[in-house]
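Below is one structure, written out as structure tokens; comments come after it.
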Amino acid sequence: MLDNRPTLPPEIARRRTFAIISHPDAGKTTLTEKFLLYGGAIQMAGQVRAKGEARRTRSDFMQMEKDRGISVSASAMSFDFQTPEVNFRFNLVDTPGHSDFSEDTYRTLTAVDAAIMVIDGAKGVESQTQKLFEVCRMRDLPILTFCNKMDRESRDTFEIIDEIQENLAIDVTPASWPIGVGREFLGCYDLLHDRLELMDRADRNKVAESVKLQGLDDPALADHVPTELLEKLREEVEMARELLPAMDLGAFREGSLTPIWFGSAMNSFGVKELMDGIAEYGPEPQVQNADPRQVSPDEKKVTGFVFKVQANMDPKHRDRVAFVRLVSGHFNRGMKLTHVRSKKPMAISNPVMFLASDRELAEEAWAGDIIGIPNHGQLRIGDALTEGEALRFTGIPSFAPELLQSCRAGDPLKAKHLDKALMQFAEEGAAKVFKPTYGSGFIVGVVGALQFEVLASRIELEYGLPVRFEASQFTSARWVHGDKDAVEAFAAANKQHIATDNDGDPVYLTRLQWDIDRVARDYPDVTLSATKELMV
């Protein structure tokens with residue numbers, strides 16, 4: 001099973017680091033739950049729509065997420081998954097499915113080696129799925145697809161597959177085939193291993209019953225599947241095998257083919273087969289691009305980069321945790337690593353591993369793992385940690401916000417506290433915070449309107465500060481790039497439009513596309529950019 005890179009040490013080769021992407025409500029959080037259940041990491045899966053305590057799904061831990069049932073922050077979870085041959089270590093990163101949080105999701109996808117795309121059997125490929133898929137494609141991430149909610153009324157299997165192939169321009173190979181849909185849904189036929197998987201509706205947390213068969217002509221099938229459904233299954237699978245490509249590991253690893261499993265996360269059905277698929281086909285930790293060289297996971301020295309900063313994970317201790325993807329080496333607690341941006345050594349004495357909001361001290365970790373490093377703001381998104389080498393990991397982007405509003409504290413005497421709160425959220429990557437050269441106050445930029453609500457509720461909850469977001473005179477922001485003298489001359493001539501971001505970099509604020517075009521025409525030595533790469 002682990003024959004694809006025999007050179008990797010076994011501890012690294014057994015790791016699978018992946019993200020789950022989906023449109024809101026496709027069942028991503030429920031699937032995450034069941035993964036943890038099968039990994040033995042939790043006892044009771046907390047359903048998202050259930051009542052009370054059962055509802056507090058393990059991977060949604062911020063107050064607003066708990067209230068709304070949507071994932072707003074990407075959490076990372078680690079757990080073991082035992083197969084007959086190998087005990088795998090799965091590192092699962094849950095991404096926000098809500099469209100307003102796409103930047104967080106984008107950064108999360110820089111820290112994983114593969115992605116699971118969850119789609120709703122009744123709705124097929126939705127807009128947000130398509131956006132996230134494009135990001136995976138830009139990074140050439142291998143994708144496994146899980147078609148969820150097959151126990152409810154859903155679309156024709158071929159129609160779902162066609163839609164994925166059409167809309168996402170990727171080949172699809174069925175790893176399993178559903179038997180019946182909605183109330184008639186019995187389970188699936190596992191095409192990769194010639195097994196019948198039967199769903200147990202009575203016990204939602206029970207692993208499906210598996211029947212090993214000698215192919216679709218095995219007479220034993222008739223003992224489990226009614227004649228009519230069996231005929232339909234044989235007919236459809238024969239068509240699928242003729243019309244659709246077979247599983248090809250090379251094409252999957254390149255991101256041009258996705259295997260699809262069908263199931264019902266709510267009923268724990270199809271989940272174990274999907275996990276087997278991650279173990280068997282998913283890539284082990286990969287080589288990462290860095291400047292001045294690529295970094296391979298089997299290098300002896302420890303390297304890693306920060307892809308997310310989460311503040312106030314424990315409201316009792318106003319802390320920040322930097323989520324770090326280890327790229328190479330074998331990390332031990334207490335190690336001194338160099339913080340490349342500041343060139344200072346950092347003793348990593350309390351690193352943590354996550355099971356949603358439960359954290360444990362990480363005594364050791366390997367390439368592919370995600371660890372949390374509690375800190376007071378020294379670590380920012382994009383920062384590299386190494387054993388001394390001046391490396392910069394590339395490709396962690398920051399996007400220009402699409403909505404800008406000015407932010408004021410309800411109590412003017414608390415303006416100082418607001419500065420601190422906003423700077424914290426800027427470093428966390430939850431919003432862009434710009435300080436205009438002229439005037440007081442801050443301009444806050446986000447990708448989607450829901451983020452203003454999230455920020456206001458977090459500032460009030462975590463800092464006890466009621467705030468107001470008001471319309472700003474500006475509607476777009478662009479980073480200013482160019483040599484130092486050209487940028488300074490440009491800033492001096494356009495003071496009323498200039499602000500700085502939380503890194504102190506100059507930003508051009510405007511209302512009109514005309515202004516952006518004018519700058520391009522009048523200042524050829526300066527470029528305005530909608531993205532900034534977060535490298536140290």
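Using the three backbone atoms N, Cα and C, a Cβ is placed for every residue, glycine included.
As given in TrEMBL:
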DOMAIN    13-286  domain 'Tr-type G'
BINDING   22-29, 94-98, 148-151  GTP binding site
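Structural mapping of features recorded in TrEMBL.
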residue: Ser22; record: GTP binding site; Cβ within 10 Å: 24
residue: Asp25; record: GTP binding site; Cβ within 10 Å: 17
residue: Lys28; record: GTP binding site; Cβ within 10 Å: 27
residue: Thr95; record: GTP binding site; Cβ within 10 Å: 26
residue: Met150; record: GTP binding site; Cβ within 10 Å: 28
Quick one: mean pLDDT on the domain 'Tr-type G' (13-286)?
82
For Met150 (GTP binding site), the three-state class that DSSP assigns:
coil
